[in-house]
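The structure under discussion appears below in the form of structure tokens.
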Amino acid sequence: TASLGMEAEQEPLLGNRTSGNREGDIVETEEHYKSRWRSIRILYLTMFLSSVGFSIVIMSIWPYLQKIDQTADASFLGWVIASFSLGQMVASPMFGLWSNYRPRKEPLIVSIFISVAANCLYAYVHLPASHNKYYMLVARGLVGFGAGNVAVVRSYIAGATSLQERTSSMANTSACQALGFILGPVFQTCFALIGEKGVTWDVIKLQINMYTAPVLLGAFLGVFNIILILAILREHRVDDSGRQCKNINFEEASTDEVQVPQGNIDQVAVVATNILFFVVLFIFALFETIITPLTMDMYGWTQEQAVLYDGIILAALGVEAVVILLGVKLLSKKIGERAILLGGLIVVWVGFFILLPWGNQFPKIQWEDLHNNSIPNTTFGEIIIGLWKSPREDHNERPTGCPIEQAWCLYTPVIHLAQFLTSAVLIGIGYPVCNLMSYTLYSKILGPKPQGVYMGWLTASGSGARILGPVFISQVYAHWGPRWAFSLVCGMVVFTITLLGVVYKRLIAFSVRYGRIQE
């Protein structure tokens, strides 16, 4: 992604820096420019590695949890999954605050170090004699805590790019993040070849198997990342038109830098963008969660089929996201970020509207007795459980179809496969667009002051959405079925579009608002 982003990054090197600035112009030197972009690219990598760290174990948590602690059940699994987002939610504002007052290297290195330590803990959770599941919960929570550095990365990139470079560099950041989410499960699949037994390194009591190898790779990449940050990352700040600014994070301040412009941040726009971002992430999190139970209920897929096909669908959506993010960079120059955000929300709404069941064909009903955990019953964990079945459970063929316990199966029409796939494609277009535009608009609204704390709040609202989305959908879907579930989601998107309409005129860059730069 870095190489694709190069052309877009390099446009405003010296060309339109100098036009229309009222204060004495300081044009960026070639050396400073190169150092600035080297630092930004290191942070692209940090973002990529952070999301790989999250997704590389997601497929194997359940079998590993069952292996180390027989007492762990579905609802506990829900907590283990949610602990990552909880940790990130707590840490983001803290790291953000820290990065406003100190060199950004500090929170970055500390946060990555916490993730490395947490990954090592995860590799050793089988050792204690009891309470293993709680050690695992702590390990995942700490990995999430370390991932709170996303706020620092975003605020650094916002502060080190001019308005013209902003959308493009934010798009590259999001593309690296999306790529990490796609490749994590791919690495996980490769490690499955090691098998459950693996090898044991007796001296340090380390078991290297299909469950621990991914986190050990994560820890190794973290150490590599710390070395790169120490070696290459430098503090850089430029104002909205690309001139160097005074930097409170600077080790040595040079004399010829422009003062950071004064003015108040538009708090209404800030709150509105946080709400937009929350809804966008909430909707995608619930979509990811519901895919497996929905396809099993509607198409009578077995557990294995659902995991395989839905895995392929989510991977395809990830690839689609990377392509879309790189395309949006070019489009935003022509029609502006607000219009693209509006378009993205409309696409998401159409996607969920298509998912509404209609017609007079009904899903195949599953009458037989059921094991409790194949119904998306009450907890987030029980939905997730559909993703992993350890081999020892599958002696007998499970009944397939829509379970009779879900009363709505009897009167809700089937959602056709074509409907489902069309909807997935549309949501896969709308989500990355909305995600990127919320971030980009937010960083522009905040202007040239240090953005750490504000970015921390945005990251925290996203983490909150990731926790609440799956809980919401599993309750509504199990009790009232897809018609109610997706109607409520459509309602939410309509609310969000209305909110965007109300604050549309306020979502403008800080320096445009104060008339320093023409939009």
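Each Cβ is built from the backbone N, Cα and C atoms, and glycine gets one as well.
Model, not experiment: these values are computed from the prediction.
Taken from TrEMBL, the feature region 'Disordered' applies to 1-26.
Mean pLDDT for the domain 'Major facilitator superfamily (MFS) profile' (39-508) in the predicted structure: 84. Under the heading domain 'Major facilitator superfamily (MFS) profile', TrEMBL lists 39-508.
Residues annotated as transmembrane segment in TrEMBL: 42-64 (among others).
Annotation comment: TrEMBL describes 76-96 (among others) as transmembrane segment.
Under the heading transmembrane segment, TrEMBL lists 108-125 (among others).
The transmembrane segment feature in TrEMBL is assigned to 137-157 (among others). Listed as Cβ neighbours of the transmembrane segment (137-157) (distance under 8 Å, sequence separation of 6 or more from its ends, same chain) are residues 39-40, 43, 46-47, 50, 53-54, 61, 76, 79-81, 83-88, 90-96, 98-100, 104, 107-108, 111-119, 121-122, 125, 169-170, 173, 439, 443, 450-452, 454-456, 458-459, 463.
Long-range contacts of the transmembrane segment (178-195) within the same chain, counting only residues at least 6 positions beyond its ends with a Cβ under 8 Å from a Cβ of the stretch, are 1, 47-60, 208-210, 213-214, 217, 311, 315, 318-319, 321-322, 325, 432. Summarising the annotation, TrEMBL assigns transmembrane segment to 178-195 (among others).
Sequence annotations record features per position, and here TrEMBL assigns transmembrane segment to 215-233 (among others).
According to TrEMBL, the transmembrane segment annotation covers 268-287 (among others).
Positions annotated as transmembrane segment by TrEMBL: 307-328 (among others).
Outside the transmembrane segment (340-359), and at least 6 residues removed from its termini, the chain residues within Cβ reach (under 8 Å) are 276, 280, 283, 328, 331-332, 412-416, 419-420, 422-427, 429-431, 433-434, 437-438, 441, 482-483, 486-487, 489-490, 493-494, 496-497, 500, 504. The transmembrane segment annotation in TrEMBL covers 340-359 (among others).
The annotation transmembrane segment is assigned in TrEMBL to 420-442 (among others). Listed by sequence, the residues of this chain that lie at least six past the ends of the transmembrane segment (420-442) yet keep a Cβ under 8 A from its Cβ atoms are 154, 166-167, 170-171, 173-174, 178, 270, 273-274, 276-277, 280-281, 283-284, 287, 291, 294-295, 298, 313, 316-317, 320-321, 324-325, 328, 332, 337-338, 340-341, 343-348, 350-352, 354-355, 454-455, 458, 507.
Within the chain, the transmembrane segment (454-478) has long-range Cβ neighbours (under 8 A, six or more residues past its boundaries) at 78, 82, 85-86, 88-90, 92-97, 144, 148, 150-152, 154-155, 158, 265, 270, 273-275, 277-286, 288-290, 293-294, 375-380, 382-384, 406, 438-439, 442-443, 446, 484-485, 488. Summarising the annotation, TrEMBL assigns transmembrane segment to 454-478 (among others).
Annotation source TrEMBL lists transmembrane segment at 484-504 (among others).
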Cβ contacts the transmembrane segment (215-233)/the transmembrane segment (42-64), at least three under 8 Å, sequence gap 6 or more: yes
Sequence-remote partners of the transmembrane segment (268-287) [C-beta within less than 8 Å, at least six residues beyond its ends]: 341, 345, 348, 352, 427, 431, 434-435, 438-439, 441-442, 445-446, 454, 457-458, 461-462, 464-466, 468-470, 472-473, 489, 492-493, 495-496, 499-500, 502-503, 506-508
Tertiary contacts of the transmembrane segment (108-125) (same chain, 6+ residues out, Cβ under 8 Å): 46, 50, 53, 57, 68, 91, 95, 99, 132, 135-136, 138-143, 145-149, 152-153, 205-207, 212, 215-216, 218-219, 222-223, 225-226, 229-230, 233
